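S.K.: Structure incoming, see below.
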């Protein structure tokens, strides 16, 4: 009898635990997704609804109309500059970090310590404190006047975390494989493709993901250097969408622009996050 009661108690306890667990998971999901849902609701309002004092909790029917309205020439300019910035920062980071990582593998332990201290010092320097120096350098070299893409990513080139991660993975390549490629007399390209690339795919993938999101969302630096310019980035464009004049600020249009700016990196994350999580789990 006591055994039967204990079993019933255990089943009830397990049932309550499962209910609470799924309730907590549901609450967290709602908490995370509600800001996106509320953004969609605001983006779906028409202009008269946006200017009213009413609070709307359900989507209306003006979402696509608002999206079409904010996708103007400024959007195209901002989208072009942001996409080119994403491509350039990925190319520079993968190229420079690969060369730096291979160089660190070859140097002595003392030289590595010197580089580590230098990297740590640079990474601990507040980024915003370097803005004035960057801007003066860009103006004196006339780079900002001729092309805006490289100036947009000059503050993002260095990343201590990504560089060290790439170097650690490169250092983990088994010595027997390094000896074999030396015995087989492989050239540099063959060594990279047949030996190193297998280990560097995941670091490269993470560099692309983090660099793309950072370049896409960067706001302070583009705003600082493009203050008197007609050029835009996607992060500048959506901030000022809906501000037609001093008397009217249509936050429904601003919300529609924010939704466009959000949906691209969000979709990128949702598409590639299963692969990233799978690869990370294999590493542990």
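Just so you know, glycine gets a Cβ as well, placed from its N, Cα and C.
If you look up TrEMBL, you'll see 20-40, 83-102, 114-137, 149-170, 191-213, 255-276 marked as transmembrane segment. Annotation source TrEMBL lists domain 'ABC transmembrane type-1' at 105-270.
Could you tell me the structural context for the features on the list?
M.R.: Note on the transmembrane segment (20-40): residues 59, 63, 255, 258-259, 262, 266 of its chain, located 6 or more positions outside it, place their CB under 8 angstroms from a CB of the stretch.
Listed by sequence, the residues of this chain that lie at least six past the ends of the transmembrane segment (83-102) yet keep a Cβ under 8 A from its Cβ atoms are 149-150, 152-153, 156-157, 159, 162-163, 166-167, 170, 200, 204, 207-208, 211-212, 214-216, 218, 233.
Distant neighbours of the transmembrane segment (114-137): 104, 107, 144, 151, 154-155, 158, 160, 163-164, 220-221, 224-225; these residues of the same chain sit at least 6 beyond its ends, with a Cβ under 8 Å from one of its Cβ atoms.
Residues 81, 84-85, 88-89, 92-93, 96-98, 100-102, 104-105, 119-120, 122-123, 127, 130-131, 134, 138, 143, 196, 199-200, 202-204, 206-207, 210-211, 214-215, 218, 221-222, 225, 233 of the same chain lie 6 or more positions beyond the ends of the transmembrane segment (149-170) yet place their CB under 8 Å from a CB of it.
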